[in-house]
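Report on one structure; see the data block that follows.
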Amino acid sequence: MSVAKVPAAGGRRYWRWLPIAPATALLLLFLGGPIAYCVWIALTDMQLTGQESASFVGLDNFRRAFQDDAFINAVVLTLVFTLLSSIIGQNTLGLALAALMQRAGKTVRTVTGVVVICAWVLPEIVAGFLLYTFFHRQGTLNAVLDWLHLPSQNWLFTLPILAVSFANIWRGTAFSMLVYSAALSEIPTEVTESAQVDGANARQRLWFITLPMIRRSIGTNLMLNTLQTLSVFGLIWAMTRGGPGNRSQTLPVFMYDQAFDKALIGYGTAVALLLLLVGALFSVIYLRLMREEV
Amino acid sequence: MAHTPAARTARPVRSTRRARRARPVRLTRRARQRLAANLALLAVAAAFVVPLLWLVFASLDADADLRVSPPASPTLDNFSAVLTDEITFTPMRNSLLICGSATLMTMVCAALAAYPLSRYRSRFSRPYLLTILFTTCLPITAIMVPVYGLFVQINLIDTLSGTAFFLATSQLPFAVWLMKNFMDGVPVVLEEAAWTDGASWFQSLTRVIVPLMGPGLTVVTIYSFIMMWGNFFVPFMLLLSPEQLPASVSIFTFFGNYGSVAFGELAAFSLLYSTPVLVLYILISRRIGGGFTLSGGVKG
């Protein structure tokens, strides 16, 4: 059989790799190109107004970033946003939903699944707009709070970062839920049952049986959630535009603001490069987690 | 609750007490657990459904505001107001053009690239795949500023084709990765049968492998399309003239001036814009359940 598989030696051995060319060309041109360009612009003082004046400034943009209060503010907000919405929110809620779904009745499971997944499938900008109305001063959340006789708030003004974090939880939990549902269904029932027979209570079973058995899924899920959350732009843009002031300005919004509203392409790109490096770091960790599958 | 009588009748029989009691008690606990799980899930579902309810109610309400409230007299006026060339049809056509051509490009390039990666051994394929997997994780948002700069230089800015090229590339690593894995699942035996009948690699790819990968291929295609349809940042950066904007960006024309937003019309438009991806997702969610086995292809 393998006679047919390797027809000839020499030139043909290289020609048969030709089908890989279109994909590689696209990737080099539209992904590799911009990344190289990104490194180059980040080292210049390029501005939107004219390319002639751009000159090489070395690491000035980075030095400037670390002394810029607005940049530090964006870093802190990005950390808060990622921690709250991805690591605590989506991840924990997704795991809780998946665990509850195993115990719940079929109808309830289906209804919850449809609602949560619906929030995930909706386009980002629609989700942003829906949560804008939800958190707005005259929106539904305050209507509910009024009805419960609790103090209402102008959420998008007083706690914008909390509002966008909740928005991201609303939108992103379905992914974790799907990942964990798949992982939990692969745990053989004998294992949990024998732990139960040995007298382990629910918390012990979760801590010593379930979590260790799905740790690979937890790692993968945390990594993908964090990467996705780091690059959220549309949701925040639709809800607050990074405001009021810069109180919900995470790194992607800060980068956009510097590059286009303030016309400092060089500086904005330096920020983008930092974001890219963080993303690359997470990707490497992800690769290590996935190593067995390549 | 239903098991309490059983537990009572079991109690008097002393000799086998442990054995008999264990069962009903465990069942009631399970029933209690199920009830608690149901209630917790319904609470979460209720919280999640509120913004979605707003979308549906407001689209049917002639004077919708920011709060969820069932329309007093449901009407389709909002839909007829937005179903014009300028508001709905042109942006939707742009979306379809961009995402359709980009998806086609992604799938063709990914299928071609996956073939040698899946079928030939080489020192070169493992690093290539690792690089591909690495790029699937890179935050595309971060490179949009340099992409904008690059597109200005090579005159692709504000063109539908340039945007489609970039979207196709951004989805390509993931598509190659999935496609390679699907292709690994197609037994080489079937292909060898085609070779002995004199088929070239291209014929065996298009006539044997691609049809056998049908379900997987459909899922990747639809998934890519959904991702592109919902993408806001890429067209937001790369397209400038209003008549070229896809629906994901043109929605901001409702949203831009906060004072005078017609919320009902915005909701109606959002619903129209979201419908294709919702329908497509329903299609693949069924496929994911049933179609991933290729064992039917080889009978031995």
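Cβ coordinates come from backbone N, Cα and C, glycine included.
Where the annotation comes from TrEMBL, it is an automatic prediction and has not been curated.
Per TrEMBL, the feature region 'Disordered' maps to B:1-24.
Annotation comment: TrEMBL describes B:1-13 as compositional bias 'Low complexity'.
Annotated compositional bias 'Basic residues' per TrEMBL: B:14-24, in sequence order.
Here the transmembrane segment (B:35-57) has long-range neighbours at 64, 67-71, 267, 270-271, meaning same-chain residues at least 6 beyond its ends whose C-beta is under 8 angstroms from one of its own. Taken from TrEMBL, the feature transmembrane segment applies to B:35-57 (among others).
What TrEMBL lists as domain 'ABC transmembrane type-1' is B:92-284.
Same-chain residues lying 6 or more positions outside the transmembrane segment (B:95-115) and placing a CB less than 8 Å from one of its CB atoms are 160-161, 163-165, 167-168, 171-172, 175-176, 178-180, 182-183, 201, 205, 209-210, 217, 220-221, 224-225, 228-229, 235, 246-248, 273. The feature transmembrane segment is assigned by TrEMBL to B:95-115 (among others).
Among the features that TrEMBL reports, transmembrane segment is placed at B:127-148 (among others).
Distant neighbours of the transmembrane segment (B:160-179): 94, 97-99, 101-103, 105-107, 109-111, 113-114, 117, 129, 132-133, 135-136, 140, 147, 151, 213, 216-217, 220, 224, 227-228, 231, 234-235, 238-239, 244; these residues of the same chain sit at least 6 beyond its ends, with a Cβ under 8 Å from one of its Cβ atoms. The transmembrane segment annotation in TrEMBL covers B:160-179 (among others).
The transmembrane segment annotation in TrEMBL covers B:217-240 (among others). Cβ atoms under 8 Å from those of the transmembrane segment (B:217-240) belong to residues 95, 98-100, 102-103, 106-107, 110-111, 140-141, 144-145, 147-148, 151, 156-158, 160, 162-163, 166-167, 170-171, 174-175, 178-179, 182, 210, 246, 248-249, 276-277, 280-281, 283-284, 287-288, 291 of the same chain, restricted to positions at least 6 beyond its ends.
Residues annotated as transmembrane segment in TrEMBL: B:260-284 (among others).
Packing against the transmembrane segment (B:127-148) from elsewhere in the chain are residues 117, 157, 166, 170, 173-174, 176-177, 180, 233-234, 237-238: each is 6 or more residues past its ends and has a CB under 8 Å from a CB in it.
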